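One structure below.
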Amino acid sequence: MKIAVVVFPGSNCDVDLYEALHSVCHADVEYVSHRQKSLAGFDAVMLPGGFSYGDYLRAGAIARFTNIMPAIIKMANEGKPVFGTCNGFQILTEAGLLPGGLKRNDSQRFVCKTVPLEVVNSHTLFTSHYQDHERIALPIAHADGSYYADEKTLDELEANNQVVFRYATENPNGSLHNIAGITNKHGNVLGMMPHPERAVETILGSTDGLRLFESLLENGRIKVEA
């Protein structure tokens with residue numbers, strides 16, 4: 001299984017994501033520039049956190065129009081795994097690969113801390129190594145992390161089990177329904193504001209993010225080999 005980590009101007013978590021996959025999980029992973037137009041040969045793609053294009057207009061709004069995005073959308077439509085954390089999540093919503101959007105935190109401040117999460121759906125490509133309703137702790141670091149969608153969309157997300165992670169004991173940004181991460185209807189696209197790549201080794205304070213990558217690698221290999 002070969003994974004692409006896309007690098008946009010202003011990405012600053014691409015190295016974290018790459019090292020979590022390469023150094024900790026020993027996965028086959030490569031950096032891919034936003035200028036490229038093809039993801040041929042890759043089985044999954046990941047969009048890192050950061051401040052693509054300085055978050056001008058809206059977080060992720062400009063990155064959505066880069067050369068690489070049609071290839072990412074193509075992979076998503078083919079059912080291949082697509083993952084976005086923080087700014088990556090924002091880009092996925094701007095591209096229409098995930099419903100809703102991310103707006104400024106209710107506090108109007110940048111929030112950087114580790115928060116407790118509930119695993120709401122462990123039956124996805126990305127969460128099979130977790131248990132439903134399990135409590136985990138992952139870091140967040142964002143100013144525009146408040147998830148918003150209209151009531152119809154929220155009802156559909158809940159009915160289709162598309163809410164994967166929820167803020168457990170406190171809502172750090174004002175996200176509706178305490179949503180921290182969602183998938184598309186097919187379950188192959190996941191976006192989340194917390195940073196699992198920052199919680200893959202004990203020295204980092206938590207390994208709760210490691211199982212997300214282990215889930216993806218195990219399920220992705222099964223799909224590729226099939």
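Each Cβ is built from the backbone N, Cα and C atoms, and glycine gets one as well.
Lifted from Swiss-Prot, the feature list:
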ACT_SITE  CYS86  active site, nucleophile
ACT_SITE  HIS195  active site
ACT_SITE  GLU197  active site
DOMAIN    2-226  domain 'Glutamine amidotransferase type-1'
Under a three-state reduction of DSSP output, how is HIS195 (active site) classified: helix, strand, or coil?
coil
Just to be sure I understand the packing, how many Cβ atoms besides its own are within 10 Å of the Cβ of GLU197 (active site)?
30
Across the domain 'Glutamine amidotransferase type-1' (2-226), what does the mean pLDDT come to, as a whole number?
95
Please work out which residue of CYS86, HIS195 has the most C-beta neighbours within 10 angstroms of its C-beta, and give that one of the active-site residues.
CYS86
